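Undergrad: Please see the structure below; I have some questions.
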Amino acid sequence: MDTSALSTIGLGTLTISASSALITGVYTIFRKQPQSGIIVGVAALNSGITAATFFTCREYVVSPALVHFAPWLQYARRRRELGIDLSTPTEPGSLLDLHTNKLLDSALSGAITGGMLRGIRSGRRAILPGMVMTGVACSFLQYGYNELSIMRLRYIAKLNEEDRAAVTVPSSKPRTAIPDRSEPSTTSPSAVQLFLSMIGVRPLSDEEYLAKMKRTRNAYLKRIAELELQKEEEKVLKELDKS
């Protein structure tokens with residue numbers, strides 16, 4: 001069983017359930033509703049069931065089906081990365097791929113989940129409205145997640161560039177024991193930096209960036225060695241067939 005899919009299902013379910021509990025808890029506090037604990041618990045349970053159904057459907061049904069059969073470039077690249085189809089040449093990833101990453105996967109999974117759950121709760125007439133409403137909502141949520149991921153990548157890349165520039169270009173201003181109070185401090189974090197640090201984004205150090213590049217290089221070298229071995233085996237088989 002795919003551990004990455006399991007981690008995605010678990011993390012997504014916990015995140016959605018916790019977010020629902022938090023929002024419901026704040027709402028019950030402002031409305032001063034009795035038995036707020038029960039209301040929060042029910043909201044967390046319902047959202048957890050919905051999220052688990054959605055992520056399970058996406059990771060084990062919809063995404064594998066699209067990866068195997070969808071003709072678009074995004075899925076051709078994912079087939080190549082998974083080693084399903086190595087013969088199809090693919091272009092390098094673009095910014096559009098990041099914007100649309102798993103957008104169709106989430107829309108179809110949301111439609112299936114919404115139609116199924118609404119049909120169970122409210123009957124057949126609620127299946128189609130549930131599919132449309134949940135599919136559109138999941139599309140917007142996935143698009144928002146993709147945009148946050150792009151912002152995170154741009155922020156990390158910018159910080160890495162600033163760190164490397166600070167290492168390669170030494171400051172011409174001499175250091176003093178007492179900081180100059182007339183100049184604003186350049187080390188104080190901005191509002192964007194504070195927000196990104198709250199959601200777990202931090203700049204990579206030079207050592208971490210180098211280690212990441214080495215891991216990527218080793219992965220590509222390993223893949224190249226596997227392809228070369230595969231070509232040698234095919235060559236030997238062809239020579240045996242000729243003989």
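Backbone N, Cα and C atoms are what each Cβ position is placed from, and that goes for glycine too.
TrEMBL lists 6-30, 126-145 with the feature transmembrane segment. Taken from TrEMBL, the feature region 'Disordered' applies to 167-189. Residues or ranges marked as coiled coil by TrEMBL: 210-242.
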Undergrad: Give the nonlocal contacts of the transmembrane segment (6-30) in its own chain as ranges (CB under 8 Å, at least six residues past its ends).
TA: 36, 39-41, 43-48, 50-52, 54-56, 59
Undergrad: Cβ under 8 Å to the transmembrane segment (126-145), counting only same-chain residues 6 or more beyond its ends: which ones?
TA: 54, 99, 101-103, 105-119
Undergrad: Tell me, what is the mean pLDDT of the coiled coil (210-242)?
TA: 74
